[in-house]
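Engineer: Pulled from TrEMBL, these are the listed features:
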| type | residues | note |
| --- | --- | --- |
| DOMAIN | 41-292 | domain 'G-protein coupled receptors family 1 profile' |
| TRANSMEM | 26-48 | transmembrane segment |
| TRANSMEM | 60-87 | transmembrane segment |
| TRANSMEM | 99-120 | transmembrane segment |
| TRANSMEM | 141-163 | transmembrane segment |
| TRANSMEM | 197-216 | transmembrane segment |
| TRANSMEM | 237-260 | transmembrane segment |
| TRANSMEM | 272-292 | transmembrane segment |
Amino acid sequence: MAGNATHHIASFFLVGIPGLENFHCWIGIPVCLLFALTLLGNSIILTTVKLEPSLHQPMYFFLCMLAMNDMCLTCSTALKMLGIFWFDEHWINFDACLTQMFFIHTLCIMESAILVAMAFDRFVAICIPLHYTSILTTPMVIKIGLVGLSRAILMIMPCPLLIKRLLYYTKYVIHHAYCEHMAVVKMASGNTQVNRIYGILVALSVTIFDLGLIVTSYIKILQAVFRLSSQNARSKALGTCVAHVCTILAFYTPALFSFLTHRFGKNVPASIHIIFAILYLLVSPTVNPLVYGAKTKQIRDRVVSLLFSQKQKF
């Protein structure tokens, strides 16, 4: 198989959004806007949590992890997309394509792990509040983050390695705006069954396992909340979960649609599939800081005070 490396094509050609090539320059505008908002919003979250001592709690440490992950995810996709849409930089080196694919899918799995950790944080805070500080210590938060990252890397690492063993002779045009696993696999000339099966197994195992844990946490949370006698206490407890639920929906809904249309949507136009695949990677990182900024009083108050203190200086 060592000799097969010589048969690898040097580069892939990323089309962008098939059928909408004439509108690429216009499509680049919302992509750039989402990219800028993601960097701005998540930077504000990170700065606010760092400067506000009252936010030095596990819930906000997980939020910082989410913010950093979102910024990395957006950078790994939006920059190349803007190159395609605005500067006609469609070509991408074979290894660079595999690197982009590795980072995109690793960061998506990491995002899912952080959402599970945030659900666990709410579960402990609402169901066993007396043990909250003893269970979710700072070292435990760091360990949870490292376990999530290790899982993501170990699950995705076989993907580029399995692709490396495939033969790439003639097909080099990828009808996508970034190097997505299945889109790259489809370019291979040989038998890709192992790659396809592994890709589906990773996607299903992560989704079923993580969503299972999140749903279980929220069932326990709802049971605990409805046992509370005070209506005010119920509202307060559920209020702390609203932002997290919005984040889960923003991440999993387009992800699920993108996955289903890629596997089963034979009649769905390629442009629709690609647009949803782009939204899946760009919308959630933009929405997360807006949701947490609007729904979390401490963050909202701190941002407002920072803005007003800056205005007073001028």
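Easy rule for this one: first residue shown is 1, then count along the chain.
Each Cβ is built from the backbone N, Cα and C atoms, and glycine gets one as well.
Situate these features within the shown structure.
Structural biologist: Tertiary neighbourhood of the transmembrane segment (26-48): same-chain residues 16-17, 20, 55, 63-64, 67-68, 70-71, 74, 78-79, 81-82, 85-86, 278, 282-283, 285-286, 288-290, 292-293, 299, 302-303, 306, selected by CB-CB distance under 8 Å and a gap of 6+ residues from either end.
Remote same-chain residues near the transmembrane segment (60-87) are listed as 14, 16, 24-25, 27-28, 31-32, 34-35, 38-39, 42-43, 45-46, 49, 100, 103-104, 107-108, 110-111, 114-115, 117-118, 121, 138, 141, 145, 177-178, 247, 278, 281-282, 284-285, 288-289, 292 (criterion: CB distance under 8 Å, separation of at least six residues from the stretch ends).
Within the chain carrying the transmembrane segment (141-163), a Cβ under 8 angstroms from the stretch's Cβ atoms is held by residues 58, 61-62, 65, 98-99, 101-102, 105-107, 109-110, 113-114, 116-117, 120, 181, 184-185, 188, 194-195, 198-199, 202, 206, all 6 or more beyond its ends.
Here the transmembrane segment (237-260) has long-range neighbours at 59, 66, 108, 111-112, 115, 118-119, 122, 125-126, 203, 207, 211, 214, 218, 221, 224-225, 228, 273, 276-277, 279-280, 283-284, 287-288, 291-292, 294-296, meaning same-chain residues at least 6 beyond its ends whose C-beta is under 8 angstroms from one of its own.
Counting same-chain residues at least six beyond the ends of the transmembrane segment (272-292), those with a Cβ under 8 angstroms from any Cβ of the stretch are 16-18, 31, 34-35, 37-38, 41-42, 44-45, 63, 66-67, 70-71, 73-74, 77-78, 81, 104, 108, 111, 175-178, 180, 243, 246-247, 250-251, 254-255, 257-258, 261-262, 265, 299.
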Engineer: Please give the average pLDDT for the domain 'G-protein coupled receptors family 1 profile' (41-292) in this predicted model.
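Structural biologist: It averages 90.
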